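A.B. asks: As listed in TrEMBL for this protein:
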| type | residues | note |
| --- | --- | --- |
| TRANSMEM | 18-36 | transmembrane segment |
| BINDING | GLY24, ALA26, VAL27, ASN31, SER279, ASN311, LEU376 | Na(+) binding site |
| TRANSMEM | 48-69 | transmembrane segment |
| TRANSMEM | 90-113 | transmembrane segment |
| DISULFID | CYS129-CYS134 | disulfide bond |
| TRANSMEM | 194-214 | transmembrane segment |
| TRANSMEM | 223-249 | transmembrane segment |
| TRANSMEM | 269-293 | transmembrane segment |
| TRANSMEM | 305-330 | transmembrane segment |
| TRANSMEM | 364-386 | transmembrane segment |
| TRANSMEM | 407-427 | transmembrane segment |
| TRANSMEM | 439-462 | transmembrane segment |
| TRANSMEM | 483-502 | transmembrane segment |
| TRANSMEM | 514-534 | transmembrane segment |
| REGION | 599-636 | region 'Disordered' |
| COMPBIAS | 622-636 | compositional bias 'Basic and acidic residues' |
Amino acid sequence: MDLDQGPVRSQWGKQIEFVLTMIGYAVGLGNVWRFPYLCFKNGGGAFLIPYTLSLIFLGIPLFALECAFGQYGGKGPLSIWSINPTFKGLGVSMVVASVFVFIYYDVIIAWGLRFLVASFTSDLPWIKCHDCSCLLYDAKNLTEEIVEGLKYNNSIGQNCTDLSLNSTADSPSELYYYKEILHDSGSIEESGDVLWPLLLCNLFAFLVIFLVLLKGIETLGKVVYFTATFPYVLLTILLIRCAMLDGAYDGVLYYLTPKWDRLSDATAWSDAAVQIFFSLSCCMGGLVAMSSYNKFNNNIIRDAFVVPIVNCMTSFYAGFVVFSTLGYMAKIKGVPIEKVTAGGPGLAFIVYPEAIGSMPVSTLWAILFFFMLCILGFSTQFSAAETIMTSIIDEFPKFFNTRKRQTIFRIAVCMMGFILGIPMVTQGGSHLLNLVDEAVLGFPLLLIGLFEYIVIIYLYGFNKFSQDINAMLGRNPFIYFKATWIVISPVLLLAVVVFKAYQMEDFHPGWVGLLYYLIVVFTMMWVPILYFHYSLKHGLWDIMKPKQSWINRRKLSELNKEDKTSEVNDKNTLFINEAPGDKDKLSYVNTAFDDDISKPHDLKDAEMGNGNVTGNGSLAKSADDRKDSANEYSRL
């Protein structure tokens with residue numbers, strides 16, 4: 001019988017490794033970088049409402065769908081489409097989206113590494129002002145006379161002739177991020193020079209990724225014990241400290257107070273949906289790839305609730321640290337919180353350093369925090385990289401049939417990511433990064449999610465997919481999944497796509513918009529291309545028919561049960577030839593049916609003989625017969 005198992009694949013050593021890997025994949029820089037930025041952009045607490053609803057009606061259902069799909073299929077996102085070969089292009093689009101994220105996400109890790117290196121000093125470089133624009137940042141009770149004196153007599157030793165009482169004061173951390181780390185040119189049109197410190201940090205990050213993934217999930221499953229848990233310790237310490245800052249309460253109040261007018265803006269809803277997809281890593285193939293390493297009977301529905309909830313609670317938790325610090329910065333500047341600093345993905349690299357600078361022994365906290373930030377980034381990047389590598393290796397198993405070829409391929413993937421990321425470590429690179437981030441995580445993810453529902457729930461059929469889940473878990477999915485998979489989630493996804501398209505704004509200059517749409521088209525074009533290629537070759541009727549090998553995988557559950565029964569029978573085999581007074585043999589009889597007990601040497605020797613012999617010399621016909629014989633002997 002063809003069960004479409006293909007070559008023997010690795011599996012997670014323990015199930016907790018899968019859960020921690022998925023948490024590490026989901027909980028990343030997006031929780032402390034992108035989520036606070038979107039809250040800041042969409043009016044603070046107002047964003048929490050669409051975000052929570054997106055989690056319930058979009059995030060958890062799609063997360064469960066992809067994980068169940070991957071676990072049942074047992075292959076990566078490119079090779080799993082025996083469920084409907086016509087839509088294999090959907091898997092290609094997932095991997096292409098992962099490649100884009102893989103490239104620019106490493107640049108953000110490089111920012112964190114650059115800050116980490118700069119933290120190894122007694123005086124943190126972003127605490128003190130080194131520019132005219134921040135001289136008035138922390139000043140109190142200013143007068144014209146004081147400002148006039150600061151023009152020529154100040155701590156930075158420069159003549160600041162443009163300084164005035166009404167000058168806008170930037171924080172030292174903001175200036176350090178834009179001028180020292182990014183050397184920001186101010187526009188995507190001015191790429192400027194390559195920033196060699198960031199380039200080297202980017203290279204180092206890819207080197208770490210290669211070393212960790214040298215043996216695939218065998219090493220990844222061990223690393224996540226640290227990378228998935230350590231960040232929570234640092235976040236808690238920072239939260240306690242930030243809660244003590246002056247103005248922290250105002251920041252938290254801004255964070256939790258909804259601005260109801262923002263709910264009428266489709267941007268807030270589409271941002272919430274996209275953030276859920278990005279944060280949970282939906283529609284990028286990673287969930288399918290990681291789940292494919294599960295045992296066939298793993299309770300994937302349970303995991304599909306645990307991981308998204310932990311992820312979103314982490315984002316919510318990290319938001320308190322960011323907004324308590326924003327309240328502190330607003331208090332210092334004397335401006336409303338929404339005007340305290342520029343938005344953008346760099347928010348975490350401005351706000352968090354500001355918080356660290358106010359803490360005792362700030363150098364130590366800076367080192368620990370940016371180490372944590374890098375760990376968060378790596379925990380996500382490891383899974384993203386493994387998704388890309390697994391997809392290609394699964395697609396060409398005969399070519400990658402040796403460890404040497406797989407190693408060379410992993411080196412090539414990391415080198416490709418490094419080279420393609422060079423434009424993003426220039427002076428205008430941060431603006432290019434923002435554009436790619438918006439392009440990849442906008443329409444492509446939403447459309448991929450919508451197509452997944454169409455292919456799996458509508459074309460293949462909810463009832464058939466329920467039978468697949470029943471084969472794995474022994475029960476059908478809950479009514480919650482039936483409602484969300486068939487109606488709620490697809491309708492909401494379609495609505496978000498329509499509203500996002502309706503509210504799209506023009507790009508300036510025009511070539512930036514062209515680049516944006518080229519990224520979107522390049523990510524999604526594989527769906528129609530491979531659809532027509534397969535349909536013209538095999539006929540349109542095949543879009544409704546899965547391969548028989550996909551249906552046959554339901555038999556894996558029965559085979560697993562037979563294997564377990566055989567294993568139990570082996571462990572229950574007894575060979576008792578000692579007198580009743582032998583306590584060691586009697587002790588073994590009483591524990592012979594424990595699955596975890598080791599077999600004595602005499603039992604192993606007996607299993608090599610002709611038959612399973614019980615105490616009375618007869619052949620045991622079943623596990624129950626042997627157990628009855630053992631119990632009878634123990635009563636003697």
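Quick reminder: no glycine exception, Cβ is built from N, Cα and C everywhere.
Curation plays no part in TrEMBL annotations; they are all automatic predictions.
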A.B. asks: Does the structure show the transmembrane segment (194-214) and the transmembrane segment (364-386) touching, where I'm treating 3 or more Cβ pairs under 8 angstroms (sequence separation 6 or more) as a contact?
C.D. replies: yes
A.B. asks: Under 8 Å for C-beta pairs, could you tell me which stretch among 18-36, 223-249, 305-330 has the largest tally with the transmembrane segment (48-69)?
C.D. replies: 305-330
A.B. asks: Counting only other Cβ atoms and using a 10 Å cut-off, which of the recorded positions ALA26, VAL27, CYS134, LEU376 scores lowest?
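C.D. replies: Least crowded of the recorded positions ALA26, VAL27, CYS134, LEU376, by Cβ count within 10 Å, is CYS134.
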A.B. asks: Mind checking which residues of the chain, 6+ beyond the ends of the transmembrane segment (514-534), have their Cβ under 8 Å from one of its Cβ atoms?
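C.D. replies: The answer is 85-90, 92-93, 96-97, 100, 435-436, 438-440, 442-444, 447-448, 451, 507, 542-543.
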A.B. asks: List the other residues in this chain whose Cβ sits within 8 Å of the Cβ centroid of the Na(+) site residues GLY24, ALA26, VAL27, ASN31, SER279, ASN311, LEU376, in sequence order.
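C.D. replies: Along the chain, the qualifying residues are ILE23, TYR25, GLY28, GLY30, THR314, SER315, SER379, THR380.
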A.B. asks: With a Cβ cut-off under 8 Å, give me the same-chain residues at least six positions beyond the ends of the transmembrane segment (407-427) that come close to it.
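C.D. replies: Same-chain residues near the transmembrane segment (407-427) but 6 or more away: 99, 102-104, 106-107, 110, 182-185, 190-195, 198-199, 202-203, 206-207, 209-210, 213-214, 385, 388-389, 392-393, 400, 433, 436.
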A.B. asks: Taking contact to mean three or more C-beta pairs under 8 angstroms, with sequence separation of 6 or more, is the transmembrane segment (305-330) in contact with the transmembrane segment (18-36)?
C.D. replies: yes
A.B. asks: Using a Cβ cut-off of under 8 Å, list the residues of the same chain at least 6 residues beyond the transmembrane segment (439-462) that approach it.
C.D. replies: 58, 62, 65-66, 69, 83-84, 87, 90, 93-94, 97, 100-101, 270, 273-274, 277-278, 282-284, 482, 485-486, 489-490, 493-494, 496-497, 500-501, 515-517, 519-520, 523-524, 527, 543-544, 546
A.B. asks: Provide, as an integer number of angstrom, the distance between the C-alpha atoms of VAL27 (Na(+) binding site) and CYS129 (disulfide bond).
C.D. replies: 34
A.B. asks: Looking at the transmembrane segment (90-113) and the transmembrane segment (223-249), are there 3+ C-beta pairs under 8 A, with each pair at least 6 apart in sequence?
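C.D. replies: With fewer than 3 qualifying Cβ pairs, these stretches do not touch.
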